[in-house]
Amino acid sequence: MLLGRSAAELESWAVAQGQKPFRGRQLHDWLYAKGARSLSEITVLPKAWRESLKEDGVEVGRLKEVHRSVAADATTKLLLSTDDGETIETVGIPTDQRLTVCVSSQVGCPMACRFCATGKGGLQRSLRTHEIVDQVLSVREVMDRRPSHIVFMGMGEPLLNSQAVLDAIRCLNDDLGIGQRRITVSTVGVPKTLPQLAELALATLGRAQFTLAVSLHAPNQALREELIPTAHAYPYEALLEDCRHYLAVTGRRVSFEYILLGGLNDAPEHAAELADRVGGFQSHVNLIAYNPIEEEEFQRPTRARIEGFQRVLERRGVAVSLRASRGLDQNAACGQLRRRRQGS
């Protein structure tokens with residue numbers, strides 16, 4: 001696949017194909033600036049070379065749109081098909097100032113979080129670099145707007161596909177011009193992966209300036225294991241210690257994600273316990289009101305409970321914000337569209 005390769009890699013590849021280096025630069029322009037979907041579109045390349053590449057099975061690496069869902073607030077969810085017939089979701093979330101793309105890193109997810117639609121179907125496979133990059137290009141194409149921010153908060157556990165994720169970040173940064181500080185990688189926590197991520201990011205990117213978001217979703221180990229079955233293998237304090245190590249190695253503060261589930265983890269005492277855990281930590285807590293999924297027992301908390309939880313954290317000196325809910329009328333929570341289409 002050509003998508004995902006850097007300008008230098010495309011130049012070297014073109015030379016190896018018997019072409020001049022500038023042919024690689026032309027390819028780069030058509031892949032990333034123009035968003036070409038096939039070699040036949042790249043008419044600046046010699047026709048004979050294009051035909052030869054097709055015969056050799058060389059492809060651009062774009063995915064096919066299977067379904068599109070647009071909410072009243074213009075949040076746009078795409079269901080994309082890979083070349084082996086799997087489907088993944090990506091979401092474009094627009095505001096006046098920015099366009100955030102929520103990308104998937106795997107087909108399905110092995111973490112089985114009880115409140116997540118994606119985890120219901122398990123893991124099929126990890127995505128390749130070009131499949132991650134394509135999601136951003138697809139949203140740009142459909143919404144006719146340049147993405148400004150990227151969040152790895154779609155289907156899958158990014159840290160179980162670290163190299164492809166980091167390679168995609170390099171591409172998004174260098175080839176699409178999206179700054180690392182505008183990219184967030186979210187993880188529910190997998191033992192040993194946080195220290196590895198810090199080292200791998202430095203090796204792959206030369207620096208680690210993207211934001212790491214760790215999904216806590218509970219203020220203690222017992223409740224976390226109830227919500228996230230895999231958490232039993234990763235004690236709460238060990239997870240926080242690995243976050244401190246990541247901060248020390250990269251110099252980047254950690255963001256903690258906390259999904260508020262009505263009547264389960266949204267009480268003032270939960271907020272106080274969470275503040276005790278992360279207080280004094282160079283971090284930020286991002287609260288997320290639960291987005292209901294079909295056939296699930298969890299409830300979205302009331303506005304009063306959400307605001308009360310946030311006030312407790314603020315009074316304890318914890319940096320906190322509440323993520324705006326988007327696309328509620330179109331079931332924009334991760335995995336819902338794919339799950340619905342598979343069941344139909």
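Cβ atoms are placed via backbone N, Cα and C, with glycine included.
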Exercise for review: Pick the one from Ser138, Ser186, Ser321 that Swiss-Prot also lists for the S-adenosyl-L-methionine site with Gly156, Glu157, Ser215, Leu216, His217, Asn291.
Suggested key: Ser186
Point to revise | Candidates Glu89, Cys109, Ser215 (recorded positions) - the one closest to Cys102 (disulfide bond) by CA | key: Glu89
Study note, to complete from the structure: Neighbouring CB atoms within 10 angstroms of the CB of Cys116 ([4Fe-4S] cluster binding site), all protein chains considered, total 22
Practice item. Could you list the residues of the same chain, at least six apart in sequence, whose Cβ is under 8 A from the Cβ of His217 (S-adenosyl-L-methionine binding site)? Key: Cys113, Phe115, Arg224, Leu227, Ile228, Glu257, Tyr258, Ile259, Asn265
Revision key, fill the gap. The rounded CA-CA distance in Å from Leu216 (S-adenosyl-L-methionine binding site) to Cys116 ([4Fe-4S] cluster binding site) is 14
